Amino acid sequence: MKRENQSSVSEFLLLDLPIWPEQQAVFFTLFLGMYLITVLGNLLIILLIRLDSHLHTPMFFFLSHLALTDISLSSVTVPKMLLSMQTQDQSILYAGCVTQMYFFIFFTDLDNFLLTSMAYDRYVAICHPLRYTTIMKEGLCNLLVTVSWILSCTNALSHTLLLAQLSFCADNTIPHFFCDLVALLKLSCSDISLNELVIFTVGQAVITLPLICILISYGHIGVTILKAPSTKGIFKALSTCGSHLSVVSLYYGTIIGLYFLPSSSASSDKDVIASVMYTVITPLLNPFIYSLRNRDIKGALERLFNRATVLSQ
């Protein structure tokens, strides 16, 4: 059904976070600090992996791409949110809104596929250790990353092109801090049945299929760990998978809470808070999870500091 007062929308208004005006300064400082830590922390992970030859392995190859994706995902939404807090200008041009939506979907999907590739890498390393170097060659790693980029781009582009066909009503207020696809569809005056079909089929598949692959990989890993002949083998396997499993639990736990649990009357605020979790909090915590729980990363960090100390003398 078409709404009244249909018009051509040139810009949208983002309502930002559900916080009181007197809290703006506190939250601006908080989110600015978290964003800077996210960028610097993930850049440090990338730098360590590039500079330290001990980290030139498939697992850290995928981790470097995940760190870059985390930086990009936060950069799609957080700077605009901070600018709105500082200037009180909540408007965003139509083209800018569609562009933000595209890259948000793109990097969210890319996170899913990279986490799946990392789970497969851990599966091969633990379940088939003697064949690990034979299977996880550079060509396969590059192929997995390339396919992840292509699938993410294709899915994001399909949603963007379908959205571009829609008309929007006079109501241009988005109850979110970024241009969320579902929120945009609610503002449309056009028939959105095709958009909803793509979301519930392709969109859901992009979330559920990688998660199923990760669960299957860790199911095989769990069986292998239980069959390990010594306690040392079990602890080594757990330390190898611990960081990745923590990130997977944090990321997909938020996604499941957002899309699969029953909605409440404050569903709009719930969506905003959940979005903050996987666009701000998860990218922020990932470098700490990998540096605190991974001895290789901590060793590379120590070697980098020692090298810097020697050069400064």
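Along the chain as shown, residues are numbered 1 onward.
Glycine residues also receive a Cβ, built from the backbone N, Cα and C atoms like all the rest.
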Next item on the list: Would you confirm whether, in Swiss-Prot, Phe12 and Val272 belong to the same side of the membrane?
Entry: yes
Check: Minimum Cβ neighbour count within 10 Å among the disulfide-bonded residues Cys97, Cys189: which residue?
Finding: Cys189
Check: Counting only residues 6+ away from its ends, which parts of the chain sit with a Cβ under 8 Å from the topological domain 'Cytoplasmic' (50-57)?
Finding: 64, 296-297, 299-300, 303-304
Check: Hey, does the transmembrane segment (196-219) touch the transmembrane segment (58-79), meaning at least 3 C-beta pairs closer than 8 angstroms, sequence gap 6 or more?
Finding: no
